[in-house]
């Protein structure tokens, strides 16, 4: 008999790493300038600051280092006094003793509004340094192979269906030993404690090793990063080193990996560095929001693999500090959103108008969780004789993500959210709040909701496109560590991020596109662990009713009768548009060439299965923690 979601996540939380564990207390760093107040994380605001001075420890790659001392409790009691750990000044800015001009501040409702930079305690001196500022220290530091190693429940993935389209598709592999990746890379795979390939890796790696172009559709969290990094690193190691111009300050990478966001670029860079450890393949990252001179210094020291966002890469190309004429491998991660969210002109200019070798000469790999037909047509301009690979959605054939839709009026969303969070905390292990990701549509909405959650006793942080890179990295570290277990985010900011142990995704504002919904709920139920996705639906989401109903039916979820009625109403208009889903059940896309010419290869059928009931276990449906037991470790990105 199927147990409730609350039971499964509670059992898993006992065996999995405790993300909500209290962080080690950090000594308060005294600021030499009394006119600046120290930044205090949301869960500690209102507490009396510590007066004991002590040297601050060196920042680690995943350490959260607030200026105020960190308390062992998961929550900070709301007490009297200023939220920002300092008395308000007469000029209304909240700065102590000085008329500091805030930047990007917003007034308004929602618990006080206010942008991140309007917070008086957040000064540039308090921010984390650029993680890539000290290149010598980076090279000397050993790579931590266990950072993202959280354990995989492989039983949940045995029957995931896979489809391939195209001619002469290389056969899949079952073990890494079947692939000639080179001794150094194989050693790094062992260091990462990867046991066997994930479904997307079983197919994508042989296809890429064979030199074929690839369009791969697989859910975030299914191992896409390793699927394109392994063949790239192996190919660079086995090829003859190119002759680069001597005395030039221009960098000539052999591989280019593009991603839509800064955080995803940093994430890919960290993973690629692990895989390239002691191989002689140097990986460099370049993204906006960080000092460009630091990145230029890294590029001057040599680069084989360049991970970049489109905007920063265009800047480097226009400065003639990067040349693409030696690029042999081009990979686009989250390719559908890069082509759909305004990056298409930049991507076309980079690929077609700069000095990059043309398609057919270079090898191109496109990866994403969804590939609608219109995006496939656009992306096919960059590919030559490619193979289309579709890996079944995790959650469409296994009991991983329980989807729940509630009808909530716009005016009632906040009170309903509070009820969910209270129930989740009460049912969580040791009364701790499970990691919860709340999606909203606008940057202003993210700021307002974060402030409102804080004023109601919930430690929360937020991330969106107006944050500086340091602020976004700090917020992510605070969320991952459990210091602020509620993260309010917009789509773009959280795109493609690999955040382990997210127990609950709440669509506070539903997106306009069903593919965005698929990407959002993919933040939970990762690596074989169970998760819960809750959506707030009302009359404003009528266009999403039909595709949402179809998606839940495909996943064997219980569809509310009221949602079926809304779905029927929206069907009278003919449906279609962006929300007419391609690919049918279980896949984020289907090769559009099949519809054009009726062809298409075979592939691995896989089992099927389903969610197995879709119940929520009564009142415990919002229990804390994360599901799935510990299993064999593998290369999930």
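Each residue, glycine too, has its Cβ placed from N, Cα and C.
Swiss-Prot lists 218, 219, 220, 221, 222, 223, 224, 225 with the feature ATP binding site. Around residue 224 (ATP binding site), taking its Cβ as the centre, 31 other Cβ atoms fall within 10 Å, counting all chains.
Among the features that Swiss-Prot reports, compositional bias 'Low complexity' is placed at 10-28 (among others).
Swiss-Prot lists 46-68 (among others) with the feature compositional bias 'Low complexity'.
For 104-116 (among others), the entry in Swiss-Prot reads compositional bias 'Gly residues'.
What Swiss-Prot records for 588-597 is compositional bias 'Basic and acidic residues'.
Here Swiss-Prot flags 598-610 (among others) as compositional bias 'Gly residues'.
Sequence annotations record features per position, and here Swiss-Prot assigns domain 'Helicase ATP-binding' to 205-389. Confidence over the domain 'Helicase ATP-binding' (205-389), given as mean pLDDT on the 0 to 100 scale, stands at 91.
Residues annotated as domain 'Helicase C-terminal' in Swiss-Prot: 416-567.
Annotation source Swiss-Prot lists region 'Disordered' at 1-68 (among others).
As annotated by Swiss-Prot, region 'Disordered' applies to 86-141 (among others).
Sequence annotations record features per position, and here Swiss-Prot assigns region 'Disordered' to 570-610 (among others).
The motif 'Q motif' annotation in Swiss-Prot covers 174-202.
When Cβ-Cβ distances below 8 Å are used as the criterion, the motif 'DEAD box' (333-336) is approached by residues 215, 220, 224-225, 228, 257-261, 264, 268, 366-372, 375, 379, 495-496, 515 of the same chain, each at least six residues removed from its ends. Feature annotation from Swiss-Prot assigns motif 'DEAD box' to 333-336.
According to DSSP, residue 225 (ATP binding site) sits within a helical segment. DSSP places the residues of the motif 'DEAD box' (333-336) in helix, strand and coil in these numbers: 2 helix, 1 strand, 1 coil. Scoring each of the binding-site residues (218, 219, 222, 223, 225) by how many neighbouring Cβ atoms lie within 10 Å, the top position goes to 218. Sorting each residue of the motif 'Q motif' (174-202) by its DSSP state yields 16 helix, 0 strand, 13 coil.
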